[in-house]
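Q: Here it is, the structure, as structure tokens.
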Amino acid sequence: MNHTAHRRLHRLAACCQSLRGSHCQGADFFKGRSLSTGSKSSTDDITISKTTQTKDPLSPPPTPAASFPFSPNEWRRFPLVASADHTHDTKTMDVALPSPSTHPNLPVASCVLLALDSSSPTSPSPLSRPYTPISSPTAPGRLSFLIKAYRDGALSPRLHALQAGKDGVWIKGPFLKFKYSKNQFKSILMLAAGTGITPMVQCLHAIFSDPEDHTSVTLLVANRSPEDVLLLDWLDSLLAQHPGRLEVRHYLERLPSPPPSRHGPSWHAGFIDEGALRAAGAGREGGREGGR
Ligand SMILES: Cc1cc2nc3c(=O)[nH]c(=O)nc-3n(C[C@H](O)[C@H](O)[C@H](O)COP(=O)(O)OP(=O)(O)OC[C@H]3O[C@@H](n4cnc5c(N)ncnc54)[C@H](O)[C@@H]3O)c2cc1C
């Protein structure tokens, strides 16, 4: 898959739509916060989001800069403390924040830029790419990423090659990509393809860790094969903890016969198309098939 196609997937992933609710705004949901259109590169996306972030009510409160582990204006280096294979081409990678009690202060949903060491101890090498942390935005001490390595990619294979306990990564950010506000909608439909699930994970953390947030979620996940499906265990545990408030439907280009046993009937062949959206209740008053 080329870079443009990957960026399109991330744009698709950022497309969330209200399913129902008296104040339903349909496609206007997250208007102005979704990944930018018409930009030429992911760096352009980030520049636009920077502007958005400074005005956003979810941005970190104005406390002394020293209490924030990251800065959108300067690079800071963090030790890589864990790196583990997740699927055949993805790894989970954790960096340690300055202390176990350091709060990441990530507005939901935001990404950061990652870069590698250079010959200078005070600055990274010039190549950087945006990645979306998947650890809870409120969990202190660590920041976790889910990173796919592209065979001929400039940065991702080099991130995979880093050694935990020895190497570090440089981080700049956070940059808000779209703003999640609790209880803004009764129900949300999320579409995620491949690693495009990472911003949805941030929203799911925010929704299901807040006892005052009553939002329901239908998550449609697109992948090529069962081996490509990401964070299945985590999704399983979330489903078990929140029956009735979370539904996950997997769409696979190559659906094996019989389909995977986990998640019962939630595996479907093909892409997230109009039929999939209709089945999930998109655009229909009252939500998905069968309601809740
Ligand atoms: C907001 C945002 C958040 C993101 N979050 C994540 C995340 O959480 N996890 C994650 O894994 N990724 C994420 N990404 C994607 C990530 O930023 C990188 O794009 C990805 O890791 C690839 O970078 P790379 O330098 O390895 O590959 P690149 O060098 O950028 O290349 C990507 C692919 O395109 C191919 N390619 C490059 N140039 C050409 C060309 N001229 N013609 C044809 N093919 C070409 C390469 O072979 C490779 O397969 C995110 C992207 C955005 C915009």
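Including glycine, each Cβ sits where the backbone N, Cα and C put it.
Sharing the feature lines straight out of TrEMBL:
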- 33-70: region 'Disordered' (REGION)
- 36-57: compositional bias 'Low complexity' (COMPBIAS)
- 73-181: domain 'FAD-binding FR-type' (DOMAIN)
- ARG129, PRO130, TYR131, LEU146, LYS148, SER156, THR198: FAD binding site (BINDING)
Q: So of ARG129, LYS148, which of the binding-site residues has the fewest other Cβ atoms within 10 Å around its own Cβ?
A: ARG129
Q: Might you list, by sequence position, any residue in that chain lying six or more from SER156 (FAD binding site) with a Cβ less than 8 Å away from its Cβ?
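A: For SER156 (FAD binding site), the qualifying residues are ARG129, ILE147, LYS148, ALA149, TYR150.
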Q: Give the sequence-ordered list of residues that share a chain with LEU146 (FAD binding site), lie 6 or more positions from it, and have CB atoms under 8 Å from its CB.
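A: Residues satisfying the criterion: HIS86, THR90, LYS91, THR92, ILE134, THR195, ILE197, THR198, VAL201, LEU230, LEU231.
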Q: Summarise the domain 'FAD-binding FR-type' (73-181) as counts of helix, strand and coil residues per DSSP.
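A: Secondary-structure composition of the domain 'FAD-binding FR-type' (73-181): 5 helix, 51 strand, 53 coil.
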Q: With every protein chain in view, how many other Cβ atoms are within 10 Å of the Cβ of THR198 (FAD binding site)?
A: 23
Q: How would DSSP class THR198 (FAD binding site) in three states?
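A: For THR198 (FAD binding site) - judged by DSSP and reduced to three states - the answer is helix.
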